[in-house]
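Here's the structure, in structure tokens; my notes come after.
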């Protein structure tokens, strides 16, 4: 890396940064003041537009909290599926067999390339036509399943790279130590490498869960009614034309969920660096380490 990118700023540079920071802060504050004044002039702070959200006995449990639970179900369901499939894809990319590595890499590239919205549409519109009638009708009747499948299809490819990067982040000496005590390649992988790599991957996995949780908002496109966005639509249709207030509250709920997951990932990463002393997982790297791992495994006796 160039030393220019890591060189500390001098007095003039720090002064410019301070001036730019204060100028940006002043512009942001001015924009917020203008926005609040504009909303007030339009009557968007009227009590009748917010009273739905102050009904903690009926409206919150029936709509918003149940919608939050639906969002969590979709996120957790997709994360579980994506985690399991992604692990096998990562192991396939680290396989000693070149065809397995090629096929696994192709699957990862194919599923990671298109946007997640495309996979959700595919799961909702095309997949029911390709599956047996019983399964296809279940997906058509329950769009939540299409949302989970679409999120899983995209995130399994992302998690495969996270797993792979976590495995390759370990020192080569860990593998050599396992082989030195007589472990086979498979035993070394499951007993020595994966348990250590998993601890390194946890912050990155939780951060991906936060991203996946935000992507559940795309369920609005396929008319999922049990998530936060679906409940928000019901709120907006049944309330006194308070779309702005409804989606503001929904945004706050998403912020709380994602902020909590992001903070958890950050804390785990700091704890990991203190206890393990290792670097964070960098997805997409480690090609040289992968070549070394494959070359090393090629010299072993088959299990």
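Here, residue 1 is simply the first one shown, and the rest follow in order.
Every residue gets a Cβ built from N, Cα and C, even glycine.
Keep in mind that this is a model prediction, so the values were computed, not measured.
As written in TrEMBL, here are the features:
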{"type": "DOMAIN", "residues": "68-265", "note": "domain 'ABC transmembrane type-1'"}
{"type": "TRANSMEM", "residues": "19-37", "note": "transmembrane segment"}
{"type": "TRANSMEM", "residues": "68-90", "note": "transmembrane segment"}
{"type": "TRANSMEM", "residues": "102-124", "note": "transmembrane segment"}
{"type": "TRANSMEM", "residues": "144-167", "note": "transmembrane segment"}
{"type": "TRANSMEM", "residues": "244-265", "note": "transmembrane segment"}
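Two recorded stretches are said to be in contact when at least 3 C-beta pairs lie under 8 angstroms, sequence spacing 6 or more; the transmembrane segment (144-167) and the transmembrane segment (68-90) meet this definition. Packing against the transmembrane segment (68-90) from elsewhere in the chain are residues 104, 107-108, 144, 147-149, 151-152, 155-164, 167, 205, 208-209, 212-213, 216, 219, 224, 226-228, 230-231, 253, 257: each is 6 or more residues past its ends and has a CB under 8 Å from a CB in it.
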